[in-house]
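According to Swiss-Prot, the features are:
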- Asp253: active site, nucleophile (ACT_SITE)
- Asp55, Asn60, Asn61, Gly79, Asp81: Ca(2+) 1 binding site (BINDING)
- Tyr123, Trp124, His165, Asn217, Leu218, Phe219, Asn220, Arg251, Lys256, His257, His362, Asp436, Arg440: substrate binding site (BINDING)
- Asn164, Asp223, His257: Ca(2+) 2 binding site (BINDING)
- 554-655: domain 'CBM20' (DOMAIN)
- 1-30: signal peptide (SIGNAL)
Amino acid sequence: MKRNRFFNTSAAIAISIALNTFFCSMQTIAAEPEETYLDFRKETIYFLFLDRFSDGDPSNNAGFNSATYDPNNLKKYTGGDLRGLINKLPYLKSLGVTSIWITPPIDNVNNTDAAGNTGYHGYWGRDYFRIDEHFGNLDDFKELTSLMHSPDYNMKLVLDYAPNHSNANDENEFGALYRDGVFITDYPTNVAANTGWYHHNGGVTNWNDFFQVKNHNLFNLSDLNQSNTDVYQYLLDGSKFWIDAGVDAIRIDAIKHMDKSFIQKWTSDIYDYSKSIGREGFFFFGEWFGASANTTTGVDGNAIDYANTSGSALLDFGFRDTLERVLVGRSGNTMKTLNSYLIKRQTVFTSDDWQVVFMDNHDMARIGTALRSNATTFGPGNNETGGSQSEAFAQKRIDLGLVATMTVRGIPAIYYGTEHYAANFTSNSFGQVGSDPYNREKMPGFDTESEAFSIIKTLGDLRKSSPAIQNGTYTELWVNDDILVFERRSGNDIVIVALNRGEANTINVKNIAVPNGVYPSLIGNNSVSVANKRTTLTLMQNEAVVIRSQSDDAENPTVQSINFTCNNGYTISGQSVYIIGNIPQLGGWDLTKAVKISPTQYPQWSASLELPSDLNVEWKCVKRNETNPTANVEWQSGANNQFNSNDTQTTNGSF
């Protein structure tokens, strides 16, 4: 018997409704097997650099060129490998993370560039069908995924994949590309401007021109032409190669620099392939540097459309930027700013609980650096003054940021070393303090005693079991410049979170839906006493409190978040899937007022709506033209779907 499949609207995984002629001609639909559904909202992701994490096999350190290795030079390979990661799986299990995102393990260029840099990071690929010799071999990779999938670990592996480009076009290997060791082409040889393997349009000179951003070289990296059928097949087959080796999800590098129609087609084909081998629910999330709920115009304004319709979620850089400004205490950025962003992202992202939220990453200085330094340049787009705080104070602020990251709507990603408060104050060649490569330092250690480690473990465990944290509603309960108290809720599962970046303060909070009682905080030593839906809460500076209730006696909400899913929603060009029903929120059976939903994992479409409590609902799935409501109409057959909003959080229909 098939398990019922469900992604809520809060999913940012979407697929094209209007694919271009080439992509339509290539689409195939796989037969649906018995499969196990994967919902990544239950996951806590840990992002690590393979080369920087742990050296488990010193024999591969030099690779094919000893000049590429120097354990004391962060521009070069420093020794980390797959064997080292295998050896440290017990550590990661104890940390409570459930998914490991690794930098691309594919074969990279074998030489240093003119500035002495190497491909240790994995983003200068030359062969998408081989593992780089510095990291081990395919047997090592399969051993890693087999162990991760075993009952001892029950972890997922996220592959960082770079379909936008290969390697530099003007030095080193000049864009050379191979398939399992067989040479295909390089940038100088393949000179057809827009019909060959590469675009030959030069580098991006106008970052406000979206065509350039997508079709010119990103700096000097050879820009792949994904509309070429051979290129598409190479990238698709490369993805399947890694899925066959055990990959569970893909982080798409530089999604901003590729056409949406390619992303839609590729993610759809990979999703179908994953289903065909019995692994439904393959997850994608992309790197769009500058993606933010606050940015709705210009090139970066397109990020919201990609998040809602491309087939891939995004890393929420807007959340990261807002959180850093609030924690550092930059002028005008308060807990009210953070609360406003959390509310806004629910309105612009169709699927905000599927976007990936994070505090640290590899492209700008770590939060610990920004908190402690008085510099003004920390990385691309991050030219604001640091906090000049003490190490101890900075660590408390990092703890606060971790609690926020782990409890807001979205899938949390923790950058390696954050659990040890990693920070670096070295300036790179661009004058950026603590940025590339100094935010990619060797793993500082593997002890398990820090408060940050404890927070990640505790809240990671909470995420595994709590529907409220996985996909529940977000409601602000109390906020001022320094304190934010909010509720996450799904049915009778309620989590209350309080964050204080200011001086010690006592506040009175009302509208707390949990039953009367005393609730110990899941982190720290505080507790919350609730009586008649109110509490008086004392918070120390930089303190966080997290409580949970699962009582059937919880105060009934005035609204319920209901997740609608329509399965088997195959569409033609210009057609989308809608939900329609007997209540005003569903259009009152008026096709012109039906609610358009998102293709969460095509051909599955989902939406999340807030409806009044104790409401009897009848509804159906319907396909119709996006601009002409009476064209291309196809109704779900059979009886209406029915439910009462007090009785369920999920409801499903199918064509």
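Placed from the backbone N, Cα and C atoms, the Cβ positions cover glycine too.
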Leu218, Asn220, His362 filtered to the binding-site residues whose C-alpha is within 10 Å of His257 (Ca(2+) 2 binding site)
Leu218
For the domain 'CBM20' (554-655), what are the DSSP-based totals of helix, strand and coil residues?
9 helix, 52 strand, 41 coil
Other than Asn164, Asp223, His257, the chain contributes near Ca(2+) 2 (Cβ within 8 Å of their centroid) the residues His165, Lys214, Asn217, Leu218, Leu221, Leu224, Ala254, Met258
Rounded to the nearest Å - Cα separation of His362 (substrate binding site) and Asp223 (Ca(2+) 2 binding site):
22
Could you check what DSSP calls Lys256 (substrate binding site) once collapsed to helix, strand or coil?
helix
A 10 Å Cβ contact count, applied to the binding-site residues His165, Lys256, His362: which residue has the minimum?
His362
Listed in sequence order, the residues of the same chain lying six or more positions from Asn220 (substrate binding site) whose CB sits under 8 Å from its CB are Ala168, Asn169, Asp170, Glu171, Gly203
Of the binding-site residues Asn164, Leu218, Asp223, Arg440, the one whose Cα sits nearest to the Cα of Gly79 (Ca(2+) 1 binding site) is Arg440
I'm trying to understand the geometry here, so how far is the Cα atom of Asn61 (Ca(2+) 1 binding site) from the Cα atom of Arg440 (substrate binding site), in Å to the nearest whole number?
17
Ca(2+) 1 site, defined by Asp55, Asn60, Asn61, Gly79, Asp81: further same-chain residues with Cβ within 8 Å of the Cβ centre
Asp51, Gly56, Asp57, Pro58, Ser59, Tyr69, Tyr77, Thr78, Gly80, Arg83, Gly84, His134, Phe135
Where Asp55 (Ca(2+) 1 binding site) and Arg440 (substrate binding site) are concerned, what is their Cα separation in Å, rounded?
15
Cα within 10 Å of Tyr123 (substrate binding site): which of the binding-site residues Asn60, Asp81, Asp223 qualify?
none
If you count, for each of the recorded positions Asp55, Asp81, Asp223, Asp253, the other Cβ atoms lying within 10 Å of its Cβ, which residue has the minimum?
Asp55
Filter the binding-site residues Asn60, Leu218, Asp223, Arg440 down to those whose C-alpha lies within 10 angstroms of the C-alpha of Asp253 (active site, nucleophile); answer none if the list is empty.
none
What's the CA to CA span in angstrom from Lys256 (substrate binding site) over to Asn164 (Ca(2+) 2 binding site)?
9
Between Asp223 (Ca(2+) 2 binding site) and Arg440 (substrate binding site), what C-alpha distance do you get in Å?
25
In the chain carrying Asn164 (Ca(2+) 2 binding site), residues 6 or more apart in sequence that have Cβ under 8 angstroms from it:
Leu218, Leu221, Asp223, Leu224, Asp253, Ala254, Ile255, His257, Met258
